[in-house]
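Chemist: TrEMBL lists A:102-332 with the feature domain 'ABC transmembrane type-1'. According to TrEMBL, the feature transmembrane segment maps to A:12-34, A:106-126, A:138-162, A:209-228, A:263-284, A:313-335.
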Amino acid sequence: MSSGSGSLPRYIAQRLLLMIPMIWLIVTMVFILLRVAPGDPVTAAVGGKLNEEALDARRAALGLDRPLIVQYLDYLGDIATLDFGKTISDNRPITSIIVDNGGATLSLTIGAFAFALLMGIPLGLLAGRYRDSAGDVVIRIFGVVSYAAPIFFIGLLMQIWVAGPLGLPTSDIASPITKFQVEPVTHILLLDAIIAGDTESTVDVLKHHVLPCFTLGLLLSGVFIRLVRVNLLMTLKGDYVEAARARGIPERYVIRRHAFRNALVPVITVLGLQVALTLSGALLTESTFNWPGLGTQLIDYLTARDYAAVQGLVTFFAVVVVVVSLLVDVINAAIDPRVRY
Amino acid sequence: MTELYDAPVAARDDNAPVIDAQDIRIWYGSERGPVKAVDGVSFSLRKGEILGLVGESGCGKSTIGRGLLGLLPPGAEMDGALRFKGEDLLALPKKEMFAKRGAELGMIFQEPLTRLNPLMRISEHFEETLRTHEKSIGKEEIQRRALEVLRLMGIPPTRYRSYPHEFSGGMRQRLMIALALVLRPAFVVADEPTTALDVLVEAQIIRILHSLRSEFETSLLLITHNLGIIAEACDRVAVMYAGEIVEIGDAREVFSDPQHPYTRELLRSTISLSTTGLNFIPGAPPDLVNPPTGCHFHPRCPDAMNICATRHPVQHAMPNGTRVQCWAADLAHGRAPDLTEDDTAPLVREEISVADEA
C-alpha cells in the first residue's frame, strides 16, 4: 500500500507527468505508421501533376530528403511547440485547420455527450430499478439497437423522417447568412453567435446542432444505458445497501443515496473511454450531415492522400483523447476518495 | 407444537422477553420446491441477555437473523409468531418495520469491509442513520451522539470525517457496531461478526459485544459457528441443525453436559492446543428441500436408534435445565416412556463412505 497523502493536487501532478510518455508514444506511432506506408507523401499528393525536379524540390522543402531520425526529432520538436506542421496539397498550417474546424467538432461532440447522458443515465437507472419489467426489456433492446445501428443509417433516417416534421435543417452547422453575419471570436460558432448577441443566429445554429448531436448521442447512449443498468443491479445487491436497509433507511433513500450515486461512478471513467469512440463517430456524423468539423477535413485530406495533413490531424486527435482521459481521472479522484492513492 | 416451547429456559427473573420468537418457519422458493431453511424455531431473549446461535454453514442461522429484522430476500416466506416487546412484528406494516429497524432492532454483519458505503464519510453514515429515525435532530446533537458511541468503540473523534477505506477491518467492524448502537436498539443481531477478522481483533470485538449489556442493556443474538466465542460471550446457547434448534439452554450446562449427540460431536470437533486428533462429523448437512424422515440428524448420528429414522423427536426439558430434541436424550432421562424395545434398538444402516461425503 502506498503511503500517499491522498491529496488531489499531488495526484494531478503525478498524472500530468505520466501524460508526457503517453503522448510521446502516440506521436511516435503515428510517425512510424505513416512512414511505413508505401509511396512518399509528395508523390501521393501531387504526383503526376509535376515533373520529377519539381517533386524533388517539394520533398526538399518538406525536409523529406533528410534521414528519418532527423525528420523524427524535428517532428518531435514541432509537436512539443504545438506545431502540427503544414498540409502538402494546399500548404495550410494544421493548426489553422484545428482552429477553424475544431470548434464545430467540439460543439458536436459535447452536444452528443449531453444527449447520450440525458438519455442513457435515466433510462439505465429506470431499467435497473425495475429489473425484468416490460420497460426494462424495451430499454435494453433500445440500448443494443442504438449502439449497433450504423451512424450514417440513423443519420439518414433522421434526415428523411424526423427533419421534415420538426422543421430541422439536415446539413451544415448554420445557414450561410448566419455564417456570414457572425464574427469568429472563439471559432465555436454557437459561442460566437451568443457573444454577438444575435438571437436569430443562435437559434439557427442550435437548430442545426439538434439532428447531428442526437444521431451521435444515440450511439453513445446505448453504452451508458447498459453500463448504468448493470452497475445499479450490482450496487443494489451490495453489502452496504443491505446494511443501510438494516439501519432502517427507507428504500427510496437507499436507492437514491447508496445505489444510484455509487452506480454512476464508473460512468465518468467510461465517459473518458468513449471519447475515442465519439471522435470516430463524429467523423461519420460529420460526413453524413456535411458538418464543417475536423472529421470532414480529415476525410478530405485522406481522399487527397495528403499524409502531412493526416499525420497532424491524427496526432491532434490522439492528444485530445489523452488529455480528456486525464481530466476524467482527475474528476474521478475528486468524487471517489479511494482513487487518490 | 407451539405449547412445547412456551417457557423460556431457566428464567432467572420475571422480566418480560424483549424478543420472543415462537415456531418460526422460513422457506425459500427454489426450482425443486420450498427450501425449509428454518423449520419451527422458538426462543426468547430477555433484556441484556446474550443468546448464541451455533451450527454448521447452511443450517439456517443467518436466515433467522435476517428474518427477525424483516430483511429476507424476495421469494422467502416467513411464518410463526414474532413479538418484540409484546408487539407482533410479522403483522407490522412495512413502513413501521422500517422505522423499527435501526432504532429498535439492530444488525451487525459478517463482512465489515464492504458494509460501509465507500463514497460516504463516517460522519455521513451517522447523519443519515440518526436523521432517518429522529427527523428534527440537529447537526451538533448528531455529532455528540456519534462521537460518544465511537469513543466507546475506541475510535478517536479525529477520524469522524474519514472515509471507510481509511480504516482497518477491525476498526470497520467497530464502526459498524457503533453505527448499529447509536440509536440504542433494544435488540441486536450479530451475524458472525468476527469471521472475517484475525484472532486478536476477534477477541476485542467479542469483549465489546459482551460489554453491550452493561453499556446499552442490549439483548444480543450472536450467530456464529465458533464455539469458543459462545463460551466466552453468551449466557445461553441454541444449537441449530438443518433448520431446527436441537438443543437450547444455559451456555455452561450445554458445554459441560451436552445432551444432543450433535452438540457433543460439535464440541468434540473443536480444535484446541490439547487436540491430539481431528474429530469430524461424518456426512454432510442434509438437503433442506427433502430433509431425512424422523430426526434430521439420524443419518449422521452415532447414537441413532430405529425410532430416530421414522419419528421426529420433540423438544423436552432435561434435568440440567436445557431443552433437547432427541430420542436418545429422552430415553436416558425417562422422557419417552412409551418406546418399545424395537424402537430403541440401534439403527442398522450402511456405512457412510467417503464417496457419499464428497
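Each position is counted from 1, following the chain as shown.
Using the three backbone atoms N, Cα and C, a Cβ is placed for every residue, glycine included.
Caution: TrEMBL annotation is automatic and unverified by curators.
Help me see these features in their spatial surroundings.
Modeler: Sequence-remote contacts of a segment are chain residues at least 6 beyond its ends whose Cβ falls under 8 Å from one of its Cβ atoms, and for the transmembrane segment (A:138-162) they are 123-124, 126-127, 168, 170, 211-212, 214-216, 218-219, 221-223, 225-226, 229, 281, 284-285, 287-289.
With a threshold of 8 Å between CB atoms, the same-chain residues lying at least 6 positions outside the transmembrane segment (A:263-284) that come near it are 105, 108-109, 112-113, 117, 121, 125, 128, 150-152, 155, 216, 219-220, 223-224, 227-228, 231-232, 234-235, 293-295, 298-299, 317, 320-321, 324-325, 327-329, 331-332, 335-336.
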Chemist: Residue list, the transmembrane segment (A:313-335) vs rest of chain: Cβ under 8 Å, 6 or more residues beyond ends.
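Modeler: Result: 8, 11-12, 15-16, 19, 22-23, 26-27, 30, 79, 84, 94, 97-98, 265, 268-269, 271-273, 275-276, 279, 294, 297-298, 301.
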Chemist: State the residues, same chain only, that lie 6 or more residues beyond the ends of the transmembrane segment (A:12-34) and have a CB under 8 A from a CB inside it; answer 'none' if no residue qualifies.
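Modeler: Residues 41, 72, 75-76, 79, 307, 310-311, 314-315, 318-319, 322-323, 326, 329-330, 333 contact the transmembrane segment (A:12-34) from elsewhere in the chain.
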